[in-house]
Amino acid sequence: RGAGEVVLLQGSGQKPYELKKNGSVYSCTCSIWRHIDDIERRRTCKHLQQIRGDKAEIGRVGEQGMKNSEEKRMSLAAAPRPGRSPVLSDKDRPAARPHPSSSSAQHRPPIP
């Protein structure tokens with residue numbers, strides 16, 4: 001990719017991510033890239049890896065840069081978000097039970 005080039009990559013949201021190259025620095029508008037606590041030239045994200053390839057990104061940011069990106073992705077995925085319920089594992093999720101006033105509540109066995 002040439003200097004100053006912008007690539008749009010559609011993610012799961014409405015607005016696509018902007019991947020840019022300015023000199024030797026690559027950037028992305030995703031939250032992972034923005035929240036990595038390192039200088040810009042050592043940041044990466046799955047979008048840059050998708051466009052450039054893992055080998056090119058490892059060559060650019062090193063193994064530690066790749067590790068930092070994955071750790072940040074995992075921590076942001078686990079963090080509660082406003083307006084969203086936290087993701088619970090099956091063991092932490094309460095069992096669904098019929099409302100006591102429901103006529104079928106007396107006829108159904110409890111969910112283990």
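Including glycine, each Cβ sits where the backbone N, Cα and C put it.
Worth saying up front: this structure is predicted, and the values here are computed from it rather than measured.
Annotation comment: TrEMBL describes 98-112 as compositional bias 'Low complexity'.
Long-range contacts of the domain 'SWIM-type' (17-56) within the same chain: residues 1-11, 62, 64-66, 68-69, 72-73, 76, each at least 6 residues beyond the stretch ends and with a Cβ under 8 Å from a Cβ of the stretch. The feature domain 'SWIM-type' is assigned by TrEMBL to 17-56.
The annotation region 'Disordered' is assigned in TrEMBL to 60-112.
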Run through the domain 'SWIM-type' (17-56) and tell me, per DSSP, how many residues are helix, strand and coil.
18 helix, 10 strand, 12 coil
